[in-house]
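Each remark here refers to the structure printed beneath this line.
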Amino acid sequence: MPNASSWSASSPLLLLWEDSSGTRIFLSLLYAVLAISGTLSNVMVIYLVFSFKKLQTTSNAFIVNGCAADLSVCALWMPQEAVLGLLPPNSSSLRSAEYRLLRGGLLGLGLTVSLASHLLVAFNRYVLITKLPSVYQALYQRRHTGCMIGLSWALALLPVPLLPGLWTLGSAQSDGSSRYTALLLALAVLGQTALLLHCYLGIVRRVRGSAKRVSVLNFHLLHQLPFPAAPPPPRRAQRRLSSVSVLLLCCVFLLGTQPLVWVSLLGFFLRPAPPALQAASWLLLCSLSALNPLLYTWR
């Protein structure tokens with residue numbers, strides 16, 4: 001079994017160097033399945049939003065932006081990983097620095113914009129539900145929305161020069177730059193996750209508080225009516241469904257992002273994690289590109 005340095009020097013970002021080809025074939029099939037399902041689901045969401053004017057809202061604009069970013073991962077990056085997993089470990093394609101940089105650029109650009117779109121959607125919904133309508137309309141004008149989307153792509157291009165350092169995260173002989181690259185990546189994802197959870201938990205608190213006030217008001221009004229009133233709608237079931245939806249989205253997002261965060265922090269402060277654990281954390285993060293359309297269109 002090769003050591004960590006040979007693993008990071010000769011393998012793709014998420015494919016393990018194995019004496020047996022079974023693991024590489026399995027991972028290649030997994031990438032192929034994620035690539036096909038993620039490409040179809042992202043294209044379908046983009047098609048539906050552009051086809052129906054009723055769906056062309058500000059929140060959906062951010063979702064479409066995330067789907068476009070996820071396409072760069074599912075339609076452009078994952079198929080290459082699926083093919084490269086079937087090549088021998090000493091293939092010249094795996095050792096080409098330019099090709100590795102291209103693949104790293106596609107992955108970094110797609111994931112960065114996708115994570116930024118998660119935050120833009122959460123903040124948009126937070127402002128819509130917890131703030132006054134005038135505040136929402138002033139903040140989310142068409143020009144401002146376009147600037148937010150453009151800024152997400154512009155910011156994603158800034159860390160592209162740092163991507164080669166990610167290739168040596170599993171190397172025992174990696175220099176300090178790759179360790180600091182991993183630390184910056186972990187802190188960025190951790191900060192984005194904290195903001196996203198703040199927005200969604202704030203939405204849940206506001207919805208529950210508003211529903212409780214409406215229920216109390218309805219109770220007093222119904223007892224003042226001179227005739228029997230119709231039973232109130234099942235607000236408790238609606239609140240439960242909304243809470244479950246938000247909880248599901250947050251859990252899937254945490255499951256996809258947090259392993260990479262803590263693996264990177266572990267490698268910076270203590271010792272590098274095993275290559276298999278690094279590959280698994282990256283795979284979970286990349287799988288979000290295929291799951292995002294399902295998360296944002298469910299219910």
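Keep in mind that glycine also has a Cβ here, set from the backbone N, Cα and C atoms.
Those TrEMBL annotations? Automatic predictions, nothing curated.
Residues annotated as domain 'G-protein coupled receptors family 1 profile' in TrEMBL: 41-296.
Under 8 Å from some Cβ of the transmembrane segment (25-50) lie the Cβ atoms of residues 14-16, 56, 60, 63-64, 67-68, 70-71, 73-75, 78-79, 81-83, 85-86, 283, 286-287, 289-294, 296-297, all in the same chain and six or more residues away from its ends. TrEMBL lists 25-50 (among others) with the feature transmembrane segment.
Here TrEMBL flags 62-80 (among others) as transmembrane segment.
The transmembrane segment annotation in TrEMBL covers 100-123 (among others).
Annotation source TrEMBL lists transmembrane segment at 144-162 (among others).
According to TrEMBL, the feature transmembrane segment maps to 182-203 (among others).
Residues annotated as transmembrane segment in TrEMBL: 244-270 (among others).
Annotation comment: TrEMBL describes 276-298 (among others) as transmembrane segment. Long-range contacts of the transmembrane segment (276-298) within the same chain, counting only residues at least 6 positions beyond its ends with a Cβ under 8 Å from a Cβ of the stretch, are 13-16, 27, 30, 34-35, 37-38, 41-42, 44-45, 63, 66-67, 69-70, 73-74, 77-78, 107, 110-111, 114, 118, 121, 169-170, 245, 248-249, 252-253, 255-257, 259-260, 263, 267.
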Distant-in-sequence neighbours of the transmembrane segment (100-123), which means Cβ under 8 A and at least six residues beyond its ends: 12-13, 59, 62-63, 65-66, 68-73, 76-77, 80-81, 94, 148-149, 152-153, 155-157, 159-160, 163-164, 166-167, 189, 192, 195-196, 199-200, 253, 257, 285-286, 288-289, 292, 296
